[in-house]
Amino acid sequence: MKTLLLTLVVVTIVCLDLGYTTKCYVTPDATSQTCPDGENICYTKSWCDVFCSSRGKRIDLGCAATCPKVKPGVDIKCCSTDNCNPFTPWKRH
């Protein structure tokens with residue numbers, strides 16, 4: 001009986017969501033923040049606007065429940081480990 005009870009406790013602990021939350025870099029400050037519950041994906045969106053030639057691509061960093069949908073002209077990268085979406089500034093040559 002004790003073995004059965006212990007097995008049930010272990011299975012319950014393994015199956016429960018233990019409240020782990022992902023940390024992602026989030027714009028506008030590109031600081032690491034804890035994502036809201038249910039948002040376990042970090043993303044980086046980049047695109048060109050009218051100032052792209054002088055300022056570089058626009059960057060949006062954040063958390064999401066699923067990887068955002070790809071739109072024409074927008075590059076999206078998604079990952080699922082803590083702080084896996086760092087902002088790398090564009091360097092002019």
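A Cβ is built for glycine as well, from the same backbone N, Cα and C atoms used for every other residue.
The signal peptide annotation in Swiss-Prot covers 1-21.
Secondary structure from DSSP puts Cys42 (disulfide bond) in a beta strand. The disulfide bond feature in Swiss-Prot is assigned to Cys24-Cys42 (among others); the stated evidence is similarity to another entry.
Remark: Cys35 (disulfide bond) has Thr21, Thr22, Lys23, Cys24, Cys42, Cys63 as non-local neighbours, by Cβ distance under 8 Å and separation of at least 6 in sequence. Feature annotation from Swiss-Prot assigns disulfide bond to Cys35-Cys63 (among others); the stated evidence is similarity to another entry.
In this structure, Cys48 (disulfide bond) belongs to neither helix nor strand by DSSP; it is coil. Marked as disulfide bond by Swiss-Prot on the basis of similarity to another entry: Cys48-Cys52 (among others).
As annotated by Swiss-Prot, disulfide bond applies to Cys67-Cys78 (among others), with the evidence given as similarity to another entry. For Cys67 (disulfide bond), the same-chain residues lying six or more positions away in sequence with a CB closer than 8 A to its CB are Ile41, Tyr43, Ile76, Cys78.
A sphere of 10 angstroms centred on the C-beta of Cys79 (disulfide bond) encloses 15 other C-beta atoms. Annotation source Swiss-Prot lists disulfide bond at Cys79-Cys84 (among others), citing similarity to another entry.
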Least buried by Cβ count (within 10 Å) of the disulfide-bonded residues Cys24, Cys42, Cys48, Cys84: Cys48
Number of other Cβ atoms within 10 Å of the Cβ of Cys78 (disulfide bond) across all protein chains: 15
